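In Swiss-Prot this protein carries:
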ACT_SITE  9  active site, tele-phosphohistidine intermediate
ACT_SITE  87  active site, proton donor/acceptor
BINDING   8-15, 21-22, 60, 87-90, 98, 114-115, 183-184  substrate binding site
SITE      182  site 'Transition state stabilizer'
């Protein structure tokens with residue numbers, strides 16, 4: 001039975017500062033490193049032996065995977081990386097404080113940019129310090145597809161080919177697959193797996209550093225509801241994600 005484990009990277013330095021991050025390559029905070037270690041401990045406690053790891057091209061996801069697999073005594077696992085697992089590109093919001101953005105633009109526009117399915121934020125200037133145009137991480141990617149902004153719908157469009165071409169093959173070969181990625185790339189994948197509507201996906205928040213397990217059939221459809229390896233911590237973490245950007 002194919003098994004898929006999803007883990008959102010631990011708290012990053014910009015999560016800690018409440019900044020829109022997107023494709024900006026920031027590292028894990030000390031808290032995030034502890035979360036990643038706990039993720040690995042949970043994998044070990046659950047007896048989950050990973051066969052292959054898929055990550056994005058962003059350091060916070062790579063760090064999370066490395067720390068987690070180290071804690072699980074599975075650092076030897078083969079790794080595949082793809083820009084298609086990157087976080088959603090937040091356009092001109094990248095590097096902006098979430099609370100200040102909320103105050104400047106109002107609740108309605110803030111929520112549309114942050115959580116609507118198909119409305120992207122304003123595009124980033126290609127010459128902006130937080131643009132990824134010309135970034136050597138993406139030297140093998142057609143420059144025409146390196147985004148200047150994205151909605152969740154656009155994330156799904158660029159993620160699903162990787163799911164179909166790479167991840168699905170590993171699962172159908174009987175491998176236990178770990179994906180270490182980001183809040184929105186994982187929301188996109190969960191939407192696909194659980195057939196969540198465009199409207200309902202706005203309410204889905206994925207906590208940092210807690211493995212989410214899917215058991216799948218031969219058609220890669222869930223055989224039962226997915227489950228977190230620490231449900232109580234996952235509920236608290238999801239609530240914290242939902243509250244991001246609100247005034248303190």
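Using the three backbone atoms N, Cα and C, a Cβ is placed for every residue, glycine included.
Annotated features taken from Swiss-Prot, shown on the structure.
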residue : record                                          : CB count, 10 Å
8       : substrate binding site                          : 30
9       : active site, tele-phosphohistidine intermediate : 31
11      : substrate binding site                          : 23
14      : substrate binding site                          : 20
22      : substrate binding site                          : 25
87      : active site, proton donor/acceptor              : 26
88      : substrate binding site                          : 27
98      : substrate binding site                          : 20
182     : site 'Transition state stabilizer'              : 27
183     : substrate binding site                          : 20
Cα-proximity to residue 182 (site 'Transition state stabilizer'), 10 Å cut-off, over recorded positions 14, 87, 98: 87
DSSP three-state assignment (helix, strand or coil) for residue 14 (substrate binding site): helix
Candidate nearest the residue listed as 'active site, proton donor/acceptor' in space, where candidates are the recorded positions 9, 11, 98 and distance is Cα-Cα: 9
Listed binding-site residues among 22, 88, 98 whose Cα sits within 10 Å of residue 9 (active site, tele-phosphohistidine intermediate): none
